[in-house]
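Record features, source TrEMBL:
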- A:1-26: region 'Disordered' (REGION)
- A:31-52: transmembrane segment (TRANSMEM)
- A:97-122: transmembrane segment (TRANSMEM)
- A:97-288: domain 'ABC transmembrane type-1' (DOMAIN)
- A:134-154: transmembrane segment (TRANSMEM)
- A:166-184: transmembrane segment (TRANSMEM)
- A:213-234: transmembrane segment (TRANSMEM)
- A:267-288: transmembrane segment (TRANSMEM)
Amino acid sequence: MGVSVNEAVSTDPVRDHPPPARRRGGRGRSALEVALLTVLAIVMLFPVLWMIETSIKENRDVYAIPAKFFNFQFTMDHFKDVFVGAGGGRSALSVSFLNSVVVAGVSTVLATVLGVPAAWAYSRFAVKAKKDQLFFILSTRFMPPVVVVIPIFLMYRQVGLIDTELGLILIYAAFNLPFTIWMMKGFVDEVPAEYEDAAMLDGYTRLQAFRRFTLPLLVPGIAATAVFALIFSWNEFVFAIFLTSSDDVRTAPPAIAGLIGGTTVDWGLVAASSVVFALPVLVFAYLVRKHLVAGVTLGAVRR
Amino acid sequence: MAGIEVTALHKRYPDGTVAVDHVDLSIGDGELFVMLGPSGCGKTTTLRAIAGLARQTTGDIRIGDTLVNDLPPAERDIAMVFQFYALYPHLRTRDNLAFPLRAEGLPKAEVRERVEEAARLMRLGPLLDRRPRRLSGGEQQRVALARALVRRPRAFLMDEPLTNLDAELRADMRTEIKHLQGELGTTMVYVTHDQVEAMSLGHRIAILNKGRVEQIGTPLEVYDRPATLFCAAFIGSPPMNLIEVEVADGKLRGKGGLVLTPPPGLPRDRDLVAGVRPEALEVTEPGAERSVPARVASVEWLGDEIIYVVDHGGERDVRVRMPPTGRFAADAPVGLRHTGGTPAVYDVKTEELVA
């Protein structure tokens, strides 16, 4: 194989040749891989598919035995029921979805706004007992929500935060903050401190330097961290069910769970509300997927 | 332009680490002053304190006649070049250069003029419209230098600016920096852990260790008469041979039988160590005049010279630098002879030069 002089001394970055495809097992092997992966995908995705299917079936098809996979009656009534109440007007479910949006959104913003500067400070400055402080911060995440929910409940009752959106926002932000600080610290460590030094020599204060030079470079990391925080707050169930009770305040997870029980279960409605509940996080994660992957790998690889 | 005075600098971090114990420096106007030392010796912290990026715990820093202790970095009228270049990634070369000037609020015409001048000086013409990501390491460092130049500061601070470049480029840039500093005549404080860089660049060198200054002197002074045992073991590649000696019959005698001429004014009743440069020793045929019997422990052929590690019955093996002509094999019986002048002699306890 000859390499031309131009190629050999080319100053262009070497174009990555795709690695040779694995050929050892030949075509049979790749067919087997595809088959296995297909089976795996069906097994993994079946509950999701079933949920989507149930949400668009007429009620009698939902309960049909044997189950109807394809020849069911299509309807959007369940989705209508999610948002529109029995007597017209807004349904209780739609209120709880709105609550979820507010609680998850605000708590994520709060955790990020507090966590990013904290991570920056821990990354940049010599702080007394830095490792111990960071460990303490992380240790608040060691206990699962179920363990701490009773004391939190008692405290909340004292200060009147029971059954309020503010209460949920605060507890979610508090739960997300350690995670945000730790994950963001990794990202801040990756951004050379010299940018800020240089900016300070150019006449900016430390905070301006952070805002103008470090912060823009942290955007992928912030996006990744915020998505994780958002997913936690959005999906959180234990705190929500213990700390809230009224329909006006309840978030979607306990509200959907509340649909199950009683004498009859409207599975179509349960499925439809689950689909509505799953969509925002999927869509959001899809929108920021570039940042998400870049962010997660960036943070993982040490210099 | 201005000189820099550092008086009794001390820097202690909140976590208790003392980065700089006690440093006094007096850097002349227009001087290229190098701070040299192993990592963690306090050289970078000292530089950052001069820049205003780290506040010293105690001590004074003067740039020119101004006491700058409480001035923020931007008001100290200095420019700094970093190890990681620190070019703003979202700006083209042209804007990177113009950035500090725009921050100062200079009129557009002058900004353009100064950027062009700096670009010409550092030969950046074709790179002006590229972003840092599309520049090689050497190009980035040239841009970083140019960004320091455009401000026409009173002093340049260089924090290991060549460490991230490969060897060949490093030598080129070294020449370029030295040339530039000579041309502009601006005071420059240059921090490095590379002694070759320090020796070739510095008008004067300060050797730092554990937050203290071990020696300040011209490259020759530092090489010929290291002020402490630390300097003796740090400077030179290979460094000085440290040979424990006793004074007897007006001579310095090492354990292996080496006899050296004592410098005048040696104190009595102290344990002494003589520092002998590898080139002040010679490997000879066994039994040659004034030589002691020895054995070659190992040989390093470096092309332009040979380093012999020689066992002559002393406490430790000595290293001898020889031209690549006469060749002795490993394990060969040889003679070892001192050919230099009077060696530097150190007190074992205080670790300082006594004569």
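Don't overthink the numbers, they just go from 1 along the chain as shown.
Each residue, glycine too, has its Cβ placed from N, Cα and C.
TrEMBL does not curate its annotations; it predicts them automatically.
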For the transmembrane segment (A:166-184) and the transmembrane segment (A:267-288), check the count of CB pairs under 8 Å (sequence separation 6 or more) and say whether it reaches 3 or more.
-> no
One stretch in A:97-122, A:134-154, A:213-234, A:267-288 has more Cβ pairs under 8 Å to the transmembrane segment (A:31-52) than the rest, namely A:267-288
Between the transmembrane segment (A:97-122) and the stretches A:134-154, A:213-234, A:267-288, the largest tally of CB pairs under 8 Å belongs to A:213-234
May I ask whether the transmembrane segment (A:267-288) has at least three C-beta pairs under 8 Å with the transmembrane segment (A:213-234), counting pairs 6 or more apart in sequence?
-> yes
